Amino acid sequence: MNKQKKTTYSFKSETKELMQLMIHSLYSNKEIFLRELISNASDAIDKLRYFNISSSVENKNDQFEIKILIDTINNQLTIIDNGIGMNEKELIENLGTIAKSGTKNFLKSLKKEKLKENNLIGKFGVGFYSSFIVSKKVLVHTKSAIDSNSEGLLWESSGSGDYSIKYLKKETIGTSITLQLKEKEKEFLEEWKIKNTVNKYSDHINVPILLKIVKKEKKEKEKKEEKNIWKKINQAQALWTKQQSQISDLEYIKFYKHITNDSQDPLIWSHNKVEGEKEYISLLYIPKIAPWDLWNRDNKKGLKLYVKRIFIMDDAEQFLPNYLRFVRGLIDSNDLPLNISREILQDNHIINSLKKVITKRILKLLNNMLVNNKENYIEFWKQFGAILKEGPAEDPINKETISKLLLFTSINNKSKEQTILLKDYVKNMPSHQEKIYFVTAESYEAAVNSPLLEVFKEKSIDVLLLSERIDEWMMNYLTEFENKKFQSVSKSDDSLNKLFSENKNKESTIEKKFTSFIEDIKKILGNKVEDVRITYRLTNSPSVLLTNENAMSTQMAKLFLSAGQKVPPIKYILEINPKHKLIKKISSIQDTEELNEWIQLLFEQALLIEKGNLTNPNQFISRINKLLIS
Ligand SMILES: Nc1ncnc2c1ncn2[C@@H]1O[C@H](COP(=O)(O)OP(=O)(O)OP(=O)(O)O)[C@@H](O)[C@H]1O
């Protein structure tokens, strides 16, 4: 850079837009700018600390601090750090564009829905630009610790359309951000206001935060006394290193909000210090509300990783299985090397064993919540249950523990809400019931009204109703609970015959009577079906479709199809209800063509109930109409 020249750049149009929106929408929470700037300063210090230990820098500074200077003479507030600093390229990239997807999403949702401001602050780190809420001009004076060419740069902007960068020598490494406050924002020159704000948002910052005020009206003597007096205004101790008994709930909550940007309190947390063969501290939180991007593949997940109190990285995914990706918090290990990289994290035995203990710890935490406060647990389940359901497939070792944490709804529950544990279901099973029955369908309504359940309802045998996308997948892995096998009611199974067949003699007479009718149906439907038979599981419906024990179920086929995979057409077993009036009527039809129409209709009806749609609905309707007027 030419040392004499000042270069002016234009903000990208979306940056301009964001700043305007932010100034207006976050105005009632304007003090958060301080949280953002302190958090950036603390990040910059973490980065330098890490850089120092992972490279062979001489004269390392280990006196890290963040200073806040209140200058009442010039109406300015300056936040100073001795962190990593920035070179020219970084200044342009970091403070001139919106590189972060979080900020982009912030912008989008501001435009789309008028979400409550507080929600927005929680959902997105609003970042450096929030300084323009209170400032007419912002000056960033910075010197990079890494780039030896960088002697100092001054970034300046009034936030309206452009910013400039010029060379300006800086003695010390780090960044100082000066906010020239707008006329009406003078409250930020008050000591109590800054102290309160730091206390509210940034108390747990690991680095000392020092405050100094420069006042106009001080007498000479006082001025001298006050000179160079920086008062520490935070605790500056890593919260997780303190004894649990010395940390209040409020401190745990504040810390959670600091590391997650969540505006809600966490639901529960678990803080553990383990000494001995393995030494680590973990502080794990379960959020109350699922983040907006939880289902997004690129969503950030994982724990903050510290090694011997030094921040190493955010979002270290390797410590959590995927089905616990909603857990937030940190791990501080004494056993990992300080220069650990993301690559090493992939396959490291210390990490693997930490992952195991953390997984067990979280499952235990969830179980405690379930036992001690089921209401809270149900709230948790509503937010994250569908993710925990990935557990049986992903984690065979903990499958049993996970299955104790699953909540279901069932026929007897008479509500959509999932509140039933498997242990309760099993406890209420009549003695002659051998298996745990379940049905999977596209929606709760489709499940609870499925004709497959008619006889279960009549005989008061409960069936679990599963209607979330993940359920079919989960049930492939959930095979047993307390020695009871799971059985889909849409698959043919002997235990059902045992459960429901009443009078063997009577049934065999009926079967004889229907033999030729069944043969007719088989002929008419040909290879559309695998088999046709009599059933006693229906009461109100004339027919129903099942699949063979080993065949793919309808819901599974739908899952594959929606993932763009090809599946062979399912061959169903058609079961007919011999007591149903319609079946009695059809079985007595002599005219071959009419019989054909009725049988096709019977099949299509059952197919519609099973699949929720038909390949050729038009044909189905014409058939009904034809039969109605005949
Ligand atoms: N005091 C600082 N020292 C060094 N770099 C900084 C400093 N403040 C900001 N930056 C750089 O500018 C970038 C953008 O900052 P900004 O506050 O807008 O977003 P962020 O901190 O990355 O994300 P978020 O605020 O969402 O957590 C930072 O990622 C960092 O690289």
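Each Cβ is built from the backbone N, Cα and C atoms, and glycine gets one as well.
The region 'A' annotation in TrEMBL covers 1-342.
The ATP binding site feature in TrEMBL is assigned to E36, N40, D81, M86, N94, K100, S101, G102, T175, R342. Sequence-distant contacts (6 or more apart, same chain, Cβ under 8 Å) of N94 (ATP binding site) comprise M86, F128.
According to TrEMBL, the feature region 'B' maps to 343-558.
TrEMBL lists 559-630 with the feature region 'C'.
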Nonlocal residues around D81 (ATP binding site), in sequence order (Cβ under 8 Å, 6 or more apart): A41, S42, A44, I45, F64, E65, I66, K67, G174, T175, S176
Three-state secondary structure, which DSSP defines for N94 (ATP binding site): helix
Within the region 'C' (559-630), residues counted as helix, strand or coil by DSSP: 44 helix, 5 strand, 23 coil
Binding-site residues listed as E36, T175, least Cβ neighbours within 10 Å: E36
Reported mean pLDDT - the region 'C' (559-630): 91
